[in-house]
Amino acid sequence: MFCRLGVHQFSPLSLILNTTKLARASTLSSACYPIQCTMVNSTNITNNTTIFDNHIHRRSANYEPPIWSFDYIQSLSSSQYKGETCTSRLNELEANVKEILLVEMKSNSLAQLEFIDALQGRLLSYRFETEINTILNEKYSINIFDNPNYNLYATALEFRLLRHHGYDVSQEIFNVFKDEITSKFKARTSGEDIIGVLALYEASFYGKKSESILEEARVSSIECLENYVAMETMTRNKPSLLVNDYDDDNNMLLLVNHALELPLYWRITRSEARWFIDLYEKNHNMNSTLLEFAKLDYNMVQSIYQEDLKHLSRWWSHTKLGEKMDFFRDRLMECFLWTVGIACEPEKSYYRRMSGRLYVLITTIDDIYDVYGTLEELELFTNAVERWDVKAMDDLPEYMRMPFFLLHNTINEMAFDVLGHQNFLNVKFLKRTWVDFCKHQLQEAKWFHSGYKPTFEEYINNAWISVSGPIILMDAYFSLTNPVTKDAINLLELGYPPIIYHASMILRLTDDLGTSNDEMKRGDIPKSIQCYMNDTGVSEDEARDHMKFLISELWKEINNEDENMDSPFSKQFLQNCKNLARISQFIYQYGDGHASQDSLSKQRISELPSIINHI
């Protein structure tokens with residue numbers, strides 16, 4: 001057992017082990033989670049690697065080669081969206097949109113809110129942060145919820161926008177929409193009412209722990225929306241509707257289906273921007289200025305992404321690692337996609353270029369532990385990372401030397417950059433995340449080689465670290481926060497704060513939901529779904545539903561951080577943590593979007609995040 005000193009010694013899994021323990025989570029909100037590794041009796045650990053004639057028989061996951069070649073990535077061009085002409089037109093459109101927001105919409109409160117929502121949905125709000133905050137602060141201060149003309153739609157929309165921007169709005173405002181006799185939300189199924197129900201559904205996902213009204217709103221709105229979809233689908237006899245099938249009647253059904261698939265709050269903004277722009281263009285009431293502005297901004301930002309990707313691709317090609325190690329997942333494009341999900345702002349190029357390297361190394365080293373390495377080799381690699389000395393390479397098998405050397409150099413280079421910009425040496429924090437990652441990966445390797453089946457608690461205590469969430473978020477903090485604060489550093493000295501734990505746990509559970517079947521087929525250790533099934537005797541579908549329920553509860557814990565006035569972390573970092581949860585749900589929504597190279601994976605990368613295709 002290895003734990004941080006000075007931290008309460010409890011299992012961080014009390015909130016997710018079963019539904020009866022969820023209420024205990026609130027008592028842990030101010031603590032940091034110690035790093036725990038559930039140890040198996042050493043007498044049960046054996047090395048199942050078989051050696052014949054001095055040749056080690058290794059496992060293979062038979063990963064497919066990458067879809068996206070080096071030459072293809074380097075050929076990407078967005079030259080038509082660079083230069084003074086585009087910049088000048090963008091500035092002109094920005095001024096026009098600002099006038100619409102501040103002048104034309106000023107007298108119509110609801111229209112102004114809808115326009116702000118449109119800016120957020122099309123990933124344009126970052127250009128109007130000051131103006132949006134001024135408008136929302138004014139609306140919050142005058143309590144416009146008292147407006148008798150506010151219906152469910154207007155109330156839910158304003159509630160969502162205010163909560164999204166950190167305002168403490170009471171859930172009590174929705175009580176007026178409950179039935180006076182039953183105290184339940186009134187049933188609404190007409191086309192006009194369904195707009196309000198959809199708005200209530202989206203607002204409910206901003207709920208925090210113990211906010212029962214918002215939980216009731218979620219349950220009620222889901223039931224109502226599902227009934228609406230069933231009735232509309234039966235009436236129209238159209239089992240599925242695509243964006244290309246757009247007309248006024250189909251628009252609401254399309255929006256409802258999209259929302260039920262995954263709420264807006266849980267989606268990554270880049271993919272949603274493309275989806276909404278495509279839909280908005282077909283809207284007969286669309287604003288042509290906003291549409292042109294959204295398209296041009298989108299394509300210009302995409303050109304920045306492509307340069308970042310090409311930079312990362314050249315680094316990867318220079319390492320020659322993809323040529324020398326054929327047993328692991330060569331997934332440069334997918335690794336880059338994670339960085340866009342964490343920080344999509346155009347000015348965050350440094351993060352995408354440097355942290356993309358970390359995602360490549362995480363994937364490579366994960367495959368060494370999961371697939372290729374023997375137990376003895378993995379222990380050597382773990383010890384080398386803990387020593388953090390290039391001389392440790394002498395003790396490693398040849399195939400491990402280059403990954404270790406790349407890791408050592410990359411972390412030290414990133415630490416050097418932080419030292420130069422902030423006069424703070426963070427290498428010990430970055431190193432610690434990698435030591436923890438490797439030790440927890442080693443524990444899973446020991447389980448595999450011994451044939452041990454962990455309990456759900458044993459597995460999840462280990463797996464929220466082995467999934468690499470702490471690596472990703474510790475790096476994001478130091479790469480994207482300037483300046484780092486003394487209070488934050490003091491907290492990080494103790495261990496991983498709740499926001500890192502909760503986001504990492506969502507990453508773990510979404511990963512398992514998307515990948516566990518494939519991993520079980522190749523003989524990996526049981527994942528969260530299988531461990532829960534073994535512990536409780538439930539079916540796979542029931543276990544999957546439980547994991548989805550836990551994800552929902554973890555999101556509530558994340559939402560609590562928005563009102564934690566004692567948090568030393570910036571809103572930017574809290575947003576990065578939320579974005580890790582969002583990009584993980586995007587990647588694993590339809591299976592293993594990180595490892596798989598099927599047509600669906602290719603489509604989601606090329607069309608949704610639109611690193612490849614312009615609008």
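We count from 1, first residue shown onward.
Cβ coordinates are placed from backbone N, Cα and C, and glycine is handled just like the others.
Copied over from Swiss-Prot, here are the features:
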BINDING   E334, V371, L375, L513, S516  (2E)-geranyl diphosphate binding site
BINDING   V371, L375  Mg(2+) 2 binding site
BINDING   V371, L375  Mg(2+) 1 binding site
BINDING   S516, M520, D524  Mg(2+) 3 binding site
MOTIF     371-375  motif 'DDXXD motif'
TRANSIT   1-33  transit peptide
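Sequence features, as recorded in Swiss-Prot, placed on the structure.
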| residue | record | DSSP class |
| --- | --- | --- |
| E334 | (2E)-geranyl diphosphate binding site | helix |
| V371 | (2E)-geranyl diphosphate binding site | helix |
| L513 | (2E)-geranyl diphosphate binding site | helix |
| D524 | Mg(2+) 3 binding site | coil |
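The closest partner of D524 (Mg(2+) 3 binding site) among the binding-site residues, by CA position, is V371; the full candidate set was E334, V371, L375, L513. On the 0 to 100 pLDDT scale, the motif 'DDXXD motif' (371-375) averages 93 in this prediction.
Ranking the binding-site residues V371, L375, L513 by C-beta neighbours within 10 Å puts L513 at the top.
Each of the binding-site residues E334, D524 was scored by the number of other CB atoms within 10 A of its CB, and the lowest score belongs to D524.
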